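Taken verbatim from Swiss-Prot:
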type	residues	note
MOD_RES	S2	N-acetylserine
DOMAIN	8-130	domain 'Arf-GAP'
ZN_FING	23-47	zinc finger
REGION	137-180	region 'Disordered'
COMPBIAS	145-171	compositional bias 'Polar residues'
MOD_RES	S180	phosphoserine
MOD_RES	S183	phosphoserine
MOD_RES	S207	phosphoserine
Amino acid sequence: MSTSVPVKKALSALLRDPGNSHCADCKAQLHPRWASWSLGVFICIKCAGIHRSLGTHISKVKSVDLDTWKEEHLVKLIQFKNNLRANSYYEATLADELKQRKITDTSSLQNFIKNKYEYKKWIGDLSSIEGLNDSTEPVLHKPSANHSLPASNARLDQSSNSLQKTQTQPPSHLLSTSRSNTSLLNLQVSSLSKTTSNTSVTSSATSIGAANTKTGNRVGEFGQRNDLKKSILSLYSKPSAQTQSQNSFFTSTTPQPCNTPSPFVNTGITATNNNSMNSNSSSNISLDDNELFKNVWS
């Protein structure tokens, strides 16, 4: 949050005052940029540190450039206007020789500030300050919004009166509209009840039809299952008398095999005998040939 423009202008105007050209306590530093806004004096940074050591119950310090200022912080500064007028109150009973003395030593400066503000040794009377309560030009210029306040208040009064009249006396056209609205609401309620009854009837009819179709489908499924069972059981049932007689007829008409010997068996036996005879003759020939060769080589 930054300092508003009117407050900045007021601070700059106070600092331009010739009475604020020196520090209010040490009188040695020029152009002070700090202030004790609770005491209403402009001081240097060295004296500001001593003021802070006293505590906020005695002195509240702010920087002109670093801290945020509000209108309430300027009340005491505007009341005294400058350091000369403030010292005429805080140093009223101090000797004239000491009033203009410049203090540079830190310890002596601390004692002086404590005696001046904490112990209030030299404090005077506010009524003795010249022009302190006179009506001078205000340093902080506020926007002239008070002139427009009566007109705005009159408008607010008129609007409030009109609102009260409308609340106390309801117009006739509002009553007629309310009656028409109630009749319309009754018609809408009746139409809604009829539509709900019709929808309930149709929904019940559709539910009954769906139940009938489901039962018909179940009956058809049971019939198909019974047919399948019958066809399967017929495969495993005992044969009837007609099938037994037919089987006996087919068995009686089939021819029985005879025990006559086949000529193929004898022919096989004779062929084997001939083969054995031929092998014996060939073996005899081979032996004779060997004997001939033996005679030749011998």
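Keep in mind that glycine also has a Cβ here, set from the backbone N, Cα and C atoms.
Residues 14-15, 56, 58-65, 73-74, 76-77, 79-80, 83, 86-87, 90, 100-104, 106, 109, 112-113, 116-117 of the same chain, all 6+ positions outside the zinc finger (23-47), place their C-beta atoms under 8 angstroms from a C-beta of that stretch. According to DSSP, S2 (N-acetylserine) sits in a coil region rather than a helix or strand.
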